[in-house]
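I'd like to ask you about the structure that follows.
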Amino acid sequence: MPSEEGSVVRWLVCGASAGLAVDIGLYPLDTIKSRMQSKQGFIAAGGFKDIYRCVKSFQITNFRLLSFRGMSSVLVGSAPGAAIFFLTYKYINGQMKRSIEGKDALVDAFSASLAEIAACAVRVPTELCKQRGQVNKNTRLTLICKEIMESKGLKGFYQGYGSTVAREIPFSIIQFPIWEGLKRMVAERNPLEGAACGSVAGCIAAGLTTPLDVAKTRIMLTKTGPTLGILSTLKEVIIFVPLPSNPSLFQVYTSGGIKGLYSGVVPRVMWISGGGFVFFGAYETAMHFTKFLD
């Protein structure tokens, strides 16, 4: 399955390195975004509590990161999720481009969409535990997992799978063709240029998909009662039927208007544009230094 752009082992190593770099490096911004989008509101979800301590710890030691809300789940699931994504993306992308010529943007978008679906098998449980840790006082991963198991069983770890995929596919359809297109426009490729291209692509995709991210966050944070799927949520937005008992995009709209739909848009755009730079920069750098794995 190796291609001219690398081997399976190389894709796994580089993808895992990129995912871990961005999720740890920009975790404080992600925490602020999750708290802004939570149903109880930013202050009740924790506000800026622990954020300063989290940022300061980067200057001291990374071992203290284990104590921050939701960080332990990131350390467990980030690398495998990113590795699965890049393995799937690179393989499908390479195979399709051998048989389809002149439609690079379409191939990039389709490859990224399938890769997101595959990666969500690991990403959704990770994201679920992470966000519940970020907005609740119960920060230990073992206790969060125990609570999920007792209330909904194994399927509880995939609460919000549909909404995550529905967010990730539009995001990837926007981000990856832009990233690949910008890279093709750059005459001399290097890790820094690849990182800058990823930052621009991520910034655009993040802003446009924020309403889907808000809905996904609300669905994942629902602990009791029925949860509404993303497709039903979007349907309710279109026909304007109130759903007061369910965390949904329509509920966000009725309670906060357009501003509610874009809760956390600033930290999300900052996180993903900065994350795009770190993610794709780390990936390109890892690809540069792992040529021996081919």
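Easy rule for this one: first residue shown is 1, then count along the chain.
Placed from the backbone N, Cα and C atoms, the Cβ positions cover glycine too.
For 6-95, 103-185, 189-289, the entry in TrEMBL reads repeat 'Solcar'. According to TrEMBL, the transmembrane segment annotation covers 71-89.
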Per DSSP, how many helix, strand and coil residues does the repeat 'Solcar' (103-185) have?
74 helix, 0 strand, 9 coil
Hey, which bits of the same chain come close to the transmembrane segment (71-89), Cβ under 8 Å, at least six residues off its ends?
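For the transmembrane segment (71-89), the nonlocal Cβ contacts are 8, 11-20, 23-24, 27, 65, 111-112, 114-116, 118-119, 121-123, 125-126, 129-130, 133, 140-141, 144, 176, 279, 283.
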Please work out the mean pLDDT for the residues of the repeat 'Solcar' (103-185).
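The answer is 86, the mean pLDDT of the model over that range.
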